[in-house]
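Engineer: After the structure tokens below, expect a handful of questions from me.
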Amino acid sequence: MDNYEKVRVVGRGAFGVCWLCRGKNDASHQKVIIKLINTHGMTEKEENSIQSEVNLLKKVQHPLIIGYIDSFIMDNQLGIVMQYAEGGTLERLINDQRAIKDSNMREYFPEKTVLDYFTQILIALNHMHQKNIVHRDLKPQNILMNRRKTVLKLSDFGISKELGTKSAASTVIGTPNYLSPEICESRPYNQKSDMWSLGCVLYELLQLERAFDGENLPAIVMKITRSKQNPLGDHVSNDVKMLVENLLKTHTDKRPDVSQLLSDPLVLPYLISIHCDLGRIEPPPTDKRKPSASLSSRLRTYPTQSTLRPYSLSSNAPTTHLTQLTPMPSHIDSGFFSSGRTSNQRTQSRSQVHSKY
């Protein structure tokens, strides 16, 4: 903690407290989140759980995942230093929008915004799933945002699990409203459980209410195992309703995986737009890699928003001209998104590039 100054508590968890801190030794006084965990009296199982979280944070470095910066041990406390997301949680954004809706203004998020958020989460999950990691607690509270509310970052890997290539987990864990049927029924589960949770998040973004809610846990579980939720409103297009329906299939073999969704015509235009912009996101502070030449060339050859024209199976797809583009397979994620520009390159290009990121 010698390099950081505490500002305020921003969260409390099962093992510790999360502090917003600022750096002492750099001119910018960079703000970070430091999770302080009291290790005194911990059981071996609890220590392994904490170490697992640190290892996963190191392993999943990605522009759309909260970045790991450092860790330290001091006075029987383990400190995990992570990126700070100024925009707060997606849960707070939904609650604010719900308050507007409840004031009889009937304001929902534009479907384009919802699908952009959805695709960002999908890309981050793809990065995790390719590493055989299941998040296990995907929910709006664990999705953070930048100050402009344009970039989402997955967070809170305290209960994430790394699977073997052919294994499945069986521990019942996660937030009740977003649990998949297989977890509720104590059946083995895998990455498809994250897809169910993603469907719940998508439903909530569209409807501003939880897909599965009830007065008590048994009532919630019963709704989940039967996939019984209120129908989406008329403000949601049929294509997006079908997307939610597919994600909330009770049988995992009927539920799409990440790679299937990344090639879906409904998602593809947003995927291309995000691919064009992610090279402009600052990489995590620990990422010392040099900018990728292939990344720069891809950013130059992809169209910009000013040169795009409408494309869609759905009227809600963003403006995109795809006739000369080859759809990108999902496996390019790990290579394409792992690269970033250096600070000098970003400074030089900032005046020339107008990006939501």
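Keep in mind that glycine also has a Cβ here, set from the backbone N, Cα and C atoms.
Not my notes, these are from Swiss-Prot:
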type     : residues                                         : note
DOMAIN   : 4-267                                            : domain 'Protein kinase'
BINDING  : V10, G11, R12, G13, A14, F15, G16, V17, C18, K35 : ATP binding site
ACT_SITE : D137                                             : active site, proton acceptor
COMPBIAS : 281-290                                          : compositional bias 'Basic and acidic residues'
REGION   : 281-357                                          : region 'Disordered'
COMPBIAS : 293-327                                          : compositional bias 'Polar residues'
COMPBIAS : 336-357                                          : compositional bias 'Polar residues'
Engineer: Mean pLDDT for the domain 'Protein kinase' (4-267), rounded to an integer?
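Structural biologist: When the pLDDT values over the domain 'Protein kinase' (4-267) are averaged, the result is 87.
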Engineer: What is the total of other Cβ atoms whose distance to the Cβ of R12 (ATP binding site) is within 10 Å?
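Structural biologist: Looking across every protein chain shown, the total is 9.
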Engineer: State the three-class DSSP label for V10 (ATP binding site), counting H, G and I as helix, E and B as strand, and everything else as coil.
Structural biologist: strand
Engineer: Of V10, C18, the binding-site residues given in the record, which has the fewest other CB atoms within 10 A of its CB?
Structural biologist: V10
Engineer: List, in sequence order, the same-chain residues at least six positions removed whose CB sits under 8 Å from that of G16 (ATP binding site)?
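Structural biologist: Counting only residues 6 or more apart in sequence, the Cβ neighbours of G16 (ATP binding site) under 8 Å are K35, L36, I37, N38, Q77, L78.
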Engineer: If one measures from the C-alpha of R12 (ATP binding site) to the C-alpha of the residue listed as 'active site, proton acceptor', what distance in angstrom results, rounded to a whole number?
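Structural biologist: With distance taken Cα to Cα, the residue listed as 'active site, proton acceptor' is 16 Å from R12 (ATP binding site).
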Engineer: Can you tell me how many other Cβ atoms are located within 10 Å of the Cβ belonging to the residue listed as 'active site, proton acceptor'?
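Structural biologist: Around the residue listed as 'active site, proton acceptor', other Cβ atoms within 10 Å: 20.
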Engineer: Write down the Cα-Cα distance for C18 (ATP binding site) and D137 (active site, proton acceptor), rounded and given in Å.
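Structural biologist: It is 18 Å, counting Cα to Cα.
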Engineer: Could you tell me which three-state DSSP class G16 (ATP binding site) falls into?
Structural biologist: strand
